[in-house]
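J.: To start, I am sharing the structure in question, which I have written as structure tokens.
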Amino acid sequence: MSKKVLLGMSGGVDSTVSAMFLKEEGYEVEGLYMKLHSNPGYHEIHEARARKAADFLGIKLHVIDLQEIFNEKVFKPFVDTYAKGKTPNPCALCNRSLKFGEMLKFAYKIGADFVATGHYIKTDGKYFYEADDDTKDQSYFLFYVNKEILPRLLFPLGDRKKSEIKELAASINGLATFASQRESSEICFVETTYTDLLQDYVEVDKVGEVLDTSGKVVGEHKGYMHYTIGKRRGFSVNGAHDPHYVVSINPDKNQIIVGKKEDLACNSVVLNNLNLYSDEKSFDTTVKLRYRTKAIPCHVDIIDDKAHVTLKESVFGVAVGQAAVFYDGNKLLGGGWIEDN
């Protein structure tokens, strides 16, 4: 008897071709479209695409509404993190709670043996590994997935190139339209800018003071939630001739502190809410502090459920609230959330 796989289907080329690969490998495939955020127009388009793909491939498509859970687990933390002057990473939270949380629960319900997605990542059932296509690798966003479920996960695209996937889809009658769809690289529930979305829930536009690193008022800004660490535009600095960057944010006083690029240098971080795939308490490894950045050599000490990370070279513009993800070569070792820099 063939093994049953529940495949997350978004209506995009990656999940569509993943379904085709899984069928070719002999799996019994059923699709799942998850309604996450409350954007009817978005779902109308993407659910229709997912259904078109499922019909073409001859697989059953389930549709479930997860908006309430998404709001609690992803959207509210997104708003709260910005309100605290930090920079959130909603995709990592969504992957843990919904795409590999609620989806796995649904897989149990229908008797599926595995869960699959079109993510560009690899796994051997014990660890995650970076995808072969380093321009599309999504391992950074999956660091928070519970390690106990790795044996149940399949990623058909982990050893493929994105260009290969699009070329294959383009060559098949019935799938060519999926190859030509415009890709979305932004947060799926943010239609324009994150501040446009936030202003429906919190006061975003509120003029405040710009301070230099000595505490002197040197200008004004349009509201602290418009800024993230390292930003260099959108505020005034009286008499400045050189570029100034946001080096910290004080949400309680609606202030941003700015300085020169060297003031952004960071040599250590502290991480909380850890998700580690190793039990080691002190080790040397590498860490990525943002998506699509190089891994920095570091030393890690786990003390009282927090990771104290000493960087072996300076990194500029490290944002509190973002994910820090550990790698041993291309092997993902887990990570945590930047609490202090």
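The backbone N, Cα and C atoms fix where each Cβ goes, glycine too.
From Swiss-Prot, here are the annotated features:
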| type | residues | note |
| --- | --- | --- |
| ACT_SITE | C94 | active site, nucleophile |
| ACT_SITE | C188 | active site, cysteine persulfide intermediate |
| BINDING | G8, M9, S10, G11, G12, V13, D14, S15, M34, G118 | ATP binding site |
| DISULFID | C94-C188 | disulfide bond |
| SITE | H119 | site 'Interaction with tRNA' |
| SITE | Q322 | site 'Interaction with tRNA' |
J.: Could you measure between M34 (ATP binding site) and the residue listed as 'active site, nucleophile' for me? Cα positions, answer in whole angstrom.
T.: 12
J.: Give the helix, strand or coil assignment DSSP yields for G8 (ATP binding site).
T.: strand
J.: Far apart in sequence but close in space: which same-chain residues, 6 or more away, have a Cβ under 8 Å from C188 (active site, cysteine persulfide intermediate)?
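T.: Set apart from C188 (active site, cysteine persulfide intermediate) by at least 6 residues yet with Cβ under 8 Å, we have L36, H37, Y42.
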J.: By the count of other Cβ atoms within 10 Å, pick out the sparsest of the binding-site residues G8, G12.
T.: G12
J.: How long is the line from the C-alpha of H119 (site 'Interaction with tRNA') to the C-alpha of G12 (ATP binding site), rounded to the nearest angstrom?
T.: 11
J.: Using the alpha carbons only, what distance in Å do you get between D14 (ATP binding site) and the residue listed as 'active site, nucleophile' once rounded?
T.: 18
J.: For the C-alpha pair, I'd like the distance in angstrom between G8 (ATP binding site) and the residue listed as 'active site, nucleophile', rounded off.
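T.: Cα of G8 (ATP binding site) to Cα of the residue listed as 'active site, nucleophile' measures 13 Å after rounding.
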J.: Could you find out if DSSP has H119 (site 'Interaction with tRNA') as helix, strand or coil?
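T.: Looking at the DSSP assignment, H119 (site 'Interaction with tRNA') belongs to neither helix nor strand, so coil.
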J.: Distance check, please: Cα of G12 (ATP binding site) against Cα of C94 (active site, nucleophile), rounded to an integer number of angstrom.
T.: 18
J.: Record lists G8, M9, S10, G11, G12, V13, D14, S15, M34, G118 as binding ATP; longest Cα-Cα distance in Å?
T.: 16
